[in-house]
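> Here you go, one structure.
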């Protein structure tokens, strides 16, 4: 839904709109949640990995980082204060070297990705790390189509004829349901009254006919002295 600052020609503030397709360069939207970071494992500390790389660069709120070496050594726990003693340790102290892989989870935002460590001692003095390598794989046509189907079809200006048409039909149905009920009941009462009048007229005509027949029978009777 999109909130307009002023009502549109249909006098509506909230209008459906199509979502932007996933950004292929976004670490959250990409089909392959995997990045490569160049750094010096002998200089970068766990605290730098947590604050500057995982939280600041990759926008994680409650990161949980562990090694992908089969042991699952926890570098950064999801709850702060559990492993503060590791904050000043270098990544190399945990066996992390060139080609190591780290798994980073954020349960608050429900997203996970892998960090490939590329050891380098040639970084500039004022640079602690660099995000390098190819960008994540682009979203294929099928995934883009599925993402488009998850929302209602819309036009370029954010308005959606199909949705508005459905809303109009719903309005018509609502009006008909509210107005036809009383009218139908009123028509039914009028029909009942008409039927009653016809029945009364029929009964009255039958009674008059029977009385006339009785009078005629009396006229035909001949009195005998």
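Just so you know, glycine gets a Cβ as well, placed from its N, Cα and C.
Note that the structure is predicted; figures quoted are calculated from it, not measured.
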> Given the ranges 29-48, 49-68, 69-88, which one is assigned the annotation region 'Disordered' in TrEMBL?
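Here TrEMBL associates region 'Disordered' with the stretch 69-88.
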> Please work out the helix, strand and coil residue numbers for the domain 'Ubiquitin/SUMO-activating enzyme ubiquitin-like' (37-123) from the DSSP assignment.
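For the domain 'Ubiquitin/SUMO-activating enzyme ubiquitin-like' (37-123), the helix, strand and coil counts are 19 helix, 28 strand, 40 coil.
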